[in-house]
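Participant: Structure incoming, see below.
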Amino acid sequence: MTSAITQDQPPQPPKGTSQGDEPQEAGVREEEYLYRDESRLQAGSLLTSRTMARRLPSLVRRSVQMAWRVDRSATIGLLVCQIGTGVLAALGLLAVTGTITALISSGGITERLWDAAPQLAVIAAATGLRALLGITVVWLTGRLRPVLGRAAELTMVEAALGAELAANNKPGYNDAYDIADRGAQVTPDLVEEAQDVIAATATLTAGAAVLTVLHPLLLPLLFLACLPQAAAYVRSARVIYLAGLETSGRRRMLGKLRWHMAYMESSEEMRACLAGPFLIGRYRKLAASVSAAEREAANTGAWMGLAGAVAGGVASIAVWAALLWLLASGRMSLAAGGGAVFALQTATGSVRGIINGGARLVRTGWYVQDWQNFLDNAHGQAMTDSRGTAPLPAAPVRFEVRDVTYRYDGAPKDSLSDVSLHMRRGEIVALVGENGSGKTTLSRLLCGLLLPTEGEVAWDHACTADLDPWGAWEHVALVPQKFTYLPLTMRDNITFGQGDTSDAALLAACEASGAAEMLPGLRSGINTLLTSEWFGGQQLSGGQWQRLVLTRAFHRQAALLVMDEPTAALDARAEHRIFAGLRELAKDRAILLITHRLTNVAVADRIVVLDKGRIVQEGTYAQLTREPGLFQSLWELQRRMSGNAA
Ligand SMILES: Nc1ncnc2c1ncn2[C@@H]1O[C@H](COP(=O)(O)OP(=O)(O)OP(=O)(O)O)[C@@H](O)[C@H]1O
């Protein structure tokens, strides 16, 4: 039955998910948090070893380029070692084949031993050197891996920061980020696996040369024997990759649940609201569904691997039978046969190495491709694609919103409709209205954090959509409603490494916000680490954090200051200080103030009232308190409440 609180339809499950009639357990729906990007899943299921073989060179090149950037000498060292290992393996193989041929040829034993001696020396030297190179590879890989992984993670963060803020609302964006993040984690594997394949290929080249010289039939037979196994390995890799793709949303949810249950910020509610058992139950169910999908993929992969191994076994019987036939029919001498046996063993080992490494390389390549796709355009949300690069000639004076409509991606209706607003430096404009009326959304548009769906936002004569966003945000200071607690020192939390970082400038900003009062209580003053999660840190109260966020905004000296509920957590004295100081701050700034405490907006030059995404009133405090309308009714209500309390 449909009621007011269940009227929206649950999202449609991805194709292929059963929608049986059995009742679902309360609170958990079969389709919850599943990855829904059908096009991506389809593209994934069409992945073949051939398409990946085409893409692999560029993937490997990009990873090697990154390795080159982060540790040039280790990258060169690894390449040299792997090529050297391959060459030595090839030399060793040729020497072993020569030794066997010499030992089982006709002639006296001493003479045969003397013939084999130089080859034996080569084998010994090659084996020793290979061992040495092997140790060097382990050392260099251990040195390169962590930095390469960190570098890949960092490129992800940079790409995410370069995406539109609105991207977080785009369907599939967060999943794409997650999947790409997994690609970033395995980037070092790609380099390593590529090296393994290169080394195995070098050994195979030598084996192949020997086999071809001994008999031209042996090499094609060997390849044929390995094909079924290769196909099975790649298929199994694809099944596992697709399972990872499908469960990525659920794995992300598991991570979020863990975070909320374990960390300070939400763990008090977890306890007091007895949310723990409920969330642990939810965690168990989601984890079970992820494990089931992974187990199914692992089973399918194992069956495919088994089928490939059986086919490979049968095919290798054919190869050995062919060798026996060549010997029995006198088409190959016994001495050559001895060499062929060894060359076949080695070449089979190398081909298996290539298949194994190649299948791992292909799977890693799919992940890394996801990472690179994200880096290339942040899942189609890169600001470089949606915005211009025009610089602002000077700090802007006038900010204007012209006939703007805005709808969040996936939202059923517009959050703002046909809104116009203007303000200039020296002015304080207050934005008021009931919850959900669009105040924060309008402030995000004014700052250029969001771009309008219709209409435009201009700073002086430049549209925010045409401006280089990073250059533009140098002129913005924002006190958001949900502010960020960063586990940094107070100094770093205020400056983020920007502006005048001198103690005098910091102190002035702290005085204006009231944060200066906190300083004597902090163990190392402004250099105190503001968190209790690490040793030596100190945690602030909610209101103290709000003072700090205000300090951050005041310290920026920006032309546009947006304050969204800036005093919600402040005590009366601290709140009074902020509002008393606003006029002074507004001397060279345009200030947009969002607040529900309507008596506070008397400080504003103009008040703009929003209702359901539209501007319904505009005027001074004196006008709006006298004029019948939304502002007056809300204001009266607040006055009556405080009057009653008094
Ligand atoms: N990130 C978002 N994604 C989708 N919809 C959003 C998002 N943020 C806000 N909205 C929607 O836009 C509308 C306006 O929200 P907004 O936050 O601008 O309101 P507000 O006036 O600031 O509310 P409040 O007084 O509660 O802070 C609401 O209906 C809200 O559901």
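Heads up, the Cβ atoms here are built off N, Cα and C, so glycines get one too.
Summarising the annotation, TrEMBL assigns compositional bias 'Polar residues' to 1-21. What TrEMBL lists as region 'Disordered' is 1-30. Look at TrEMBL and you will find 76-104, 116-140, 303-328 tagged as transmembrane segment. Summarising the annotation, TrEMBL assigns domain 'ABC transporter' to 399-637.
If you look at the structure here, what lies around each of the features I listed?
Facilitator: Sequence-distant contacts of the transmembrane segment (303-328), counting only residues of its own chain at least 6 positions beyond either end whose CB sits under 8 Å from a CB of the stretch, comprise 215, 217-218, 221-222, 224-233, 235-236, 239, 334, 337, 340-341, 344, 348.
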Participant: Six or more residues out from either end of the transmembrane segment (76-104), which same-chain residues have a Cβ under 8 Å from its Cβ atoms?
Facilitator: 67, 112-113, 115-116, 119-120, 122-123, 126-127, 129-130, 133-134, 136-137, 140-141, 144, 191, 195, 198-199, 201-203, 205-207, 209-210, 334-336, 338-339, 341-343, 346
Participant: Determine the mean pLDDT over the domain 'ABC transporter' (399-637), rounding to the nearest whole number.
Facilitator: 94
